[in-house]
Amino acid sequence: MEQDYPVIRVAVPVPLYGTFDYLVDPAASAPVGARVQIRFGRRPLVGVIVATDVESQVAPDKLKPVLRVLDDTPLFDEALLKLLRWTARYYHHPLGDTLATALPAALRRTRTDTESTRNRGWQAVADAPAEAEAALTRAPRQQELLAAIRAAGNAVAHGTLLARFPGAQRPLNALAERGLIEAVALPGGLETGTAGTPPALTSDQQDVVDRLRTASGFAPALIEGVTGSGKTEIYFQRMADILATGRQVLFLAPEIGLTPQLIDRLRSRFAAAIGVLHSQRSDGERADVWKAAGAGEADIVIGTRSAIFTPMPRLGLIIVDEEHDGSYKQGDGLRYHARDVALKRAQDAAIPILLGSATPALETLHNARAGRFVHHKLVRRATGAALPAIRLIDIRSRPLDGGLSDPLINRIRPHLEAGNQVMIFINRRGFAPALFCHDCGWSAPCHRCDAPMTVHGAMSRLVCHHCGSTEKAPTVCASCGSESLIALGAGTQRVAGALRSHFPDVAVARFDRDSMARKGRLEAQLADVASGKTQLLVGTQMLAKGHDFARLTCVGVLDVDGGLFSADFRATEHMAQVVTQVAGRAGRADRPGEVWLQTRNPEHPMLVRLLGGGYPGFAEAALAEREATALPPYGHLALLRAEAHEQRYPHDFLAAAAETIPLGGELACWGPVPAPMARRAGRYRAHLLLHASRRALLHPVLDRWQTQLAELPAARRVRWSIDVDPQDLL
DNA sequence: AAAAGCGGTACG
DNA sequence: GTACCGCTTTTC
């Protein structure tokens, strides 16, 4: 009798390709896209229904019943499921794990779901007695708040009001007491923005907006605009267009670019329900936003990489800001690229998508050149300010003090004396990148990685930047016993120290992951920069994006050379992007800026190209080089990665994997080779690079690999994964 | 990935 | 006998 029960197909979060069939109670509502709690083997798991009324090929007595259906309405709609099926196929990742990756963490677990009341809001009472308002004459704070709430037109989140009006709690309570406003429960996780007036556009901006408006259906556009050219305003104009038609907008930004300023701008511009998804939000809040977006309650969703998988039934526009940013590519598990998934999503939904950057990825420029994307360019800053001049300081045979050369110090001084701000960029945190024995050449290694330990806190601590292990710094060389240990090279801490001794009267602030560990620290430091209290800024990548520093007139970049001679073919592209982005921080208002790059390779052709032709000139040369070497975007790559505790296992597995490939003229296989850092966190890593001249050749091989590799005996000894379109070969 | 099954063996 | 390993098999 049990075989008469309906059978559903479930995607289970395990590293297995394929789905599993289960029996379900005929009386229960169990639609495609709903989660189910099941027993898989002996353990309980949460899976997602991907098909119903299935004719199972599995013996009826092996089918288990679903323990519980967790959602009576689908959590994944048809469009999102289709996108995720595509994603699983494209990245050759198991469907169940793909769906689990898309889901907010709170929904991956079993949980009796209680609708959240985390988000409370206030709205104006329409028929409030006139005398109540008249009584506000001696309460300016209350007047101000009431006006703000009325201007919004609908409910405003409590948190939003507190952020805009510090200490608003009491006046809000007073207004409620007078019956002028009332508390309402907002859809969980969402906040409500207030309508703002758009600023006048420059004619360049207006041209782009006008051209964007002529597009219909799937319309990918690249907006290549120099820093300060006002790309955000263009996004906002298009968002307004789309929101006015009653559709939803999905806005993606890298974690580092998703600043409070950007979110505030959004809030004070659109009288819309906004869902914010970023790493600082709790699991519960993320789940709330996800559900609200899926129910069509959110008008705008703004978030980082994983936000691309938010269900949005009325989606009308996708924006990918800083589209070149490496954080759009996930580095483990489902190794997806959110920009590429976004393009697929826009295509499926037949809607426009805007990719914006001052330094577009070479892949994106190539697509624009090939006519796949409409290419819009903004070469002038919206303020009319000049772009800074970028110049080199040759540091060959020059002594460095804390990473700084004398000429750079001398360039900085006048800017500080004039009361302006200076930023020093170094892509290395900590005090120094190695602790080195002056007598025998030994340097303190990480015991779990093939990498030196980084010195932190003025020679006191050693930290491995690859596995996170830390130890006390030794006082004598472990190899020869010498006491002449020196910290070699410079990181942010050392640079900050050197600057303090050169400019003792100037306040120096350090911006890196270590100094930002405490919550709110970044905001506090940025406030000091905005007020002019901080004059010297030292930092990593973190300083490169999303911040406006009105008084910044000089930028120094200490180590561009690392980007010129890396094993990674994308290193020069990253170097050019970072240099251009940090340079864009300088001279934003009416003050002209200057940028100095320290280098030992002033004749390097890519550096010369970047200085002479700016990022577009560099990109042209870089694309020519990629074409000559058949590297992306002119060739297509997939990386088979393997790691294990013993060195030989990854190699054996990859060698066996390489055997299974039918190598032809247009398909090449490189390796197996040890990864550039062969041992990391105690595991030995190696990989096999697959190169195809056409993408269509690559995917059939990967399709077969997906099943074949799992059956290789050697596969059981390693952890392996397929990385399609790898971003870094490390 | 995780848990269970299998076969070998050291133990006192 | 049984407690404990390393290795293989299975997961609807």
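The count begins at 1 with the first shown residue.
Glycine is treated like the rest: Cβ placed from N, Cα and C.
Please treat TrEMBL annotations as automatic predictions, because they have not gone through curation.
Features as listed in TrEMBL:
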DOMAIN    A:212-378  domain 'Helicase ATP-binding'
BINDING   A:CYS437, A:CYS440, A:CYS477, A:CYS480  Zn(2+) 1 binding site
BINDING   A:CYS446, A:CYS449, A:CYS464, A:CYS467  Zn(2+) 2 binding site
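Known features from TrEMBL, placed on the structure.
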residue  : record                : contacts (Cβ under 8 Å, 6+ apart)
A:CYS437 : Zn(2+) 1 binding site : A:SER443, A:CYS477, A:SER479, A:CYS480, A:SER482, A:SER484, A:LEU485
A:CYS440 : Zn(2+) 1 binding site : A:CYS477, A:SER479, A:CYS480, A:SER482
A:CYS446 : Zn(2+) 2 binding site : A:PRO452, A:MET453, A:CYS464, A:HIS466, A:CYS467, A:SER469
A:CYS449 : Zn(2+) 2 binding site : A:CYS464, A:HIS466, A:CYS467, A:MET677, A:ARG679, A:ARG680, A:ALA681, A:GLY682
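The Cβ of A:CYS480 has fewer other Cβ atoms within 10 Å than any other of the binding-site residues A:CYS464, A:CYS467, A:CYS477, A:CYS480.
Highlighted in sequence order, A:HIS447, A:ARG448, A:ALA451, A:MET453, A:HIS465, A:HIS466, A:GLY468, A:SER469, A:ARG680, A:ALA681 have their Cβ within 8 Å of the centre of the Cβ atoms of A:CYS446, A:CYS449, A:CYS464, A:CYS467, the residues recorded for Zn(2+) 2, and are not part of that set. Compute the center of the Cβ atoms of A:CYS437, A:CYS440, A:CYS477, A:CYS480, which mark the site for Zn(2+) 1; besides them, the chain residues with Cβ within 8 Å of that center are A:HIS438, A:ASP439, A:GLY441, A:TRP442, A:ALA478, A:SER479, A:GLY481, A:SER482, A:SER484. Per-residue confidence over the domain 'Helicase ATP-binding' (A:212-378) averages 95 (mean pLDDT, predicted model). Under the three-state DSSP scheme, A:CYS477 (Zn(2+) 1 binding site) falls in the coil class.
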